[in-house]
Each structure stands twice: as C-alpha cells, then as structure tokens.
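Per TrEMBL, the features are as follows:
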- A:12-35: transmembrane segment (TRANSMEM)
- A:79-104: transmembrane segment (TRANSMEM)
- A:116-137: transmembrane segment (TRANSMEM)
- A:143-164: transmembrane segment (TRANSMEM)
- A:244-264: transmembrane segment (TRANSMEM)
Amino acid sequence: MKDTVMKILKYILLIAVTVLFLFPVIYMLACSFMTGSQVSEMLNFSDGKYKELNMIPNMATLEQFYQTLFRKPEYLLKFWNSVVCTFPTVIGQVAVSSLAAFAFAKLKFPFRDKLFFIYIILLILPLQVTLVPDYMILENMNLLNNFLAVILPGTFSAFGICLLRQSIKYIPDSAIEAARVDGASYLKIFTNIILPQIKGGLITLALLCFIDNWNVVEQPLIYFDNEGMYPLSVTLTDVGSSDYGIIFACGVIFMIPALLIYLYGHRDIDSPFVGTDKG
Amino acid sequence: MKKDKLKSVVLKFSIVFFIVIALLTYFSKTINNMLLPKVKVVSVQTGVIDDTAGSNDMKTHYLLPVSSVDGAGNTGIVFVINKTENGDATVEEVSVDICNSDELYCEVTSDSLFGDSQVVYKTTKSIENGSSVYIEEETV
C-alpha cells in the first residue's frame with residue numbers, strides 16, 4: 001500500500017515537472033492558433049505585467065501561419081538565414097572536430113597533450129569572453145556583415161574535439177597498427193576505420209552543434225549591421241515586436257527542423273561512443 | 001528495422017518540409033502582392049487652378065487628380081503613400097482643405113502634404129489608413 005502511494009506521488013511529481021518544462025512549448029503552440037488581436041490583447045504589457053495568460057483560443061484559427069507563410073516573406077527569409085548560419089557550421093564542425101580528434105587521440109606528435117590541454121581551457125571559456133576578440137579578428141578579415149562571421153568561429157569548436165577524442169580513444173590501437181602494417185595511409189585509416197566506429201559520436205556532435213547554432217542570438221546581433229541578415233532566432237527573441245501572434249507561429253515553424261533532426265538521430269545520441277549501432 | 005523506418009519517414013518529411021518552405025519563400029512575395037489592393041499613384045504638384053482668383057494664405061497649394069480626393073464641400077481626405085525600408089508601401093489618410101476644383105484637378109492645402117508626397121488616385125479594393133498596398137503604376 002505504502003509502495004503504491006509512493007509510486008503515485010512519484011508520478012505526480014514527474015508529471016508536474018514535465019508540464020513545467022513543456023509549458024513554454026505548449027503555450028507557444030496554443031498562442032499560434034489564436035487570432036492576432038487576441039494575442040495582442042492578451043499580452044498587452046501594462047502596469048508592469050501582462051494582462052492575462054490564456055491558453056484557450058476564442059476562435060481557433062490558422063491565421064498566424066497563413067500570415068507567416070503567405071503574407072510575410074521576411075520571416076521565411078530569416079528562416080533561411082538560420083539555415084545558412086547553421087548547416088555549414090554543423091558540417092564544418094563535424095569535419096574539423098573529427099580530424100583534430102583523430103590527431104589528438106591516435107597520432108603521436110610533440111606537445112600533443114599540452115595542445116589538448118589548451119583546447120580544454122578554450123572549452124571552459126564562456127562565449128561572451130571571446131566575442132570581442134572574435135569581432136576584432138573578423139573586422140580585420142573584412143568578414144563582418146557576412147555569414148562567415150558566424151560560421152567560421154562556430155566551425156572550430158573545442159567541445160567537438162573533446163567529445164570525438166573520447167570516442168576515438170575507445171578504438172584499440174591494434175586496429176590502427178594492423179592497418180598501417182597493411183599499408184593504409186592515415187587518411188584511409190581515418191575514413192575506413194575511425195569514422196564508421198564513431199558514427200554515434202558524430203551524430204551526437206552534429207545534433208548538439210545544430211541546436212547550439214540554430215538558437216544563436218548573440219553573434220548575429222554583434223557581427224551583422226543589416227537586420228535582413230538576422231536569423232529567425234534573433235527575431236523570435238524580439239519581445240518588443242508588435243506581431244506577437246506571428247512570432248508564436250514562427251516559433252512553431254522554427255521548432256520543426258530541430259525536432260526532425262532530433263528524431264533522426266535520437267537513438268544514436270544515447271551512445272556516442274564506440275559500438276553504437278545497436279539497432 | 002523500426003529505427004530505419006523512422007529515419008526514412010523523418011528524412012522524407014524533412015525533404016518535403018524544406019522544399020515547401022523554399023517554394024513559399026520564393027512565391028510568398030508574389031502571393032502577398034496579388035492579394036494586396038493594387039493602386040495607381042501620382043506625385044503631388046504645387047500650383048493653383050485659377051491664377052486670377054488670388055490667395056491670401058501663405059500655405060502651399062497642391063494640385064491633385066479629382067479621383068484622389070474623397071470629400072465634399074471644403075474638406076476631404078487623400079491617401080498618401082508611405083514606403084518602408086524594404087520597399088513595401090502603406091497608405092496614410094490625410095485630411096485636406098479643398099480650395100478649388102475643375103474636371104481634372106482639385107486644388108488643396110494640407111499640413112501633411114509635401115512636395116515629394118505621392119497620393120493614390122485609383123485602387124482595385126477599398127483601402128483605409130495603414131493598409132498595405134501594391135503600387136501598380138507611379139506617375140510623376
């Protein structure tokens with residue numbers, strides 16, 4: 001009896017925490033089906049607080065989605081800005097990190113461990129610390145107001161290298177030595193032996209890198225003067241916007257690629273290390 | 001097997017999603033412009049209809065096409081074009097004082113009209129203050 005009560009209490013607590021975490025998403029979904037006027041009236045910020053937080057639409061409608069998809073091309077263009085900022089960064093980061101991780105894990109060269117230690121220090125530095133130096137470097141390279149200003153710094157991530165180095169370390173040295181004896185080059189070893197075995201790690205890195213860059217806000221705000229280049233993530237954080245209803249609909253559309261990528265790789269994210277192909 | 005099926009469905013959905021968004025991005029401006037009221041606008045010009053009548057006030061007198069002024073008696077309204085940074089246009093309702101008119105022009109004065117203002121003289125749908133419009137033809 002006592003066990004049953006404990007179990008029920010545990011489930012109630014878990015459900016409460018889940019609802020708490022999911023509330024912003026549920027609220028966004030609910031508001032995206034309201035009319036623009038209802039959202040504007042509801043979120044009328046006055047006297048230091050919003051008028052009300054209602055989740056039930058007076059008249060459920062797809063008006064906000066219609067406006068976003070058919071009448072407001074600027075939001076769709078910002079969606080593509082997000083794509084342009086994110087996908088090259090993910091591809092670049094996975095490529096650079098896997099190669100660097102292979103070198104740090106399996107190749108022997110002078111100061112290897114010291115260099116890796118420096119990488120670890122880079123890992124613990126907050127983003128804001130490197131924003132100004134990055135800005136100065138990008139300015140000298142004439143890359144401000146260019147998507148490369150967001151893509152290039154994102155490509156060289158210490159986190160990706162650390163994650164994949166751990167994955168590669170699980171691969172026995174004997175496999176690499178055997179390949180070397182058979183005359184395989186390091187590039188061949190990397191592509192034929194290392195990469196297939198760290199598939200889980202690569203997908204994990206790609207997922208985390210995607211989420212990180214899909215939600216990027218600070219860098220575009222600092223590196224881009226032209227608002228037309230801002231990704232959708234910046235627009236969604238514009239709490240002073242007059243188009244609250246459209247912001248909610250954009251939020252739903254913005255969420256879809258992240259969800260799709262998670263659904264595609266969520267089984268692999270459970271096991272980023274060697275022997276991941278569990279099926 | 002189940003994992004592969006899920007991945008396959010997600011992949012297909014992703015491709016469709018991005019293609020649809022790409023098509024909508026390409027055509028949304030066209031769709032939006034098709035649904036907006038199409039207007040013909042003309043730049044305002046300064047002048048008077050009858051020179052001999054004389055005018056004692058110091059205000060600038062503008063000549064507008066008769067069809068652009070909606071009003072009776074001495075007052076009326078015109079719709080002035082406001083262009084945004086990205087080239088979209090909205091209309092602003094402006095009150096004018098009608099001084100004189102003939103078959104073609106209305107002579108008006110207004111504090112809200114300027115030398116470079118453009119006014120709507122023909123529209124395909126009814127418009128109101130703040131409406132977005134698509135400029136079909138601009139006459140200087």
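Backbone N, Cα and C define each Cβ position, glycine as well.
Of the Cβ pairs linking the transmembrane segment (A:244-264) with the transmembrane segment (A:79-104) and spaced 6 or more residues apart, 3 or more are under 8 Å, so the two regions touch. It is A:79-104 that, among the stretches A:12-35, A:79-104, A:116-137, forms the most Cβ pairs under 8 Å with the transmembrane segment (A:143-164). Same-chain neighbours of the transmembrane segment (A:79-104): 112, 115-116, 119, 147, 150-151, 154-157, 160-165, 167-168, 190, 194-195, 198, 202, 205-206, 209-210, 213-214, 216, 220, 229-233, 250, 253-254, 257, counting only residues six or more beyond its ends whose CB sits under 8 Å from a CB of the stretch.
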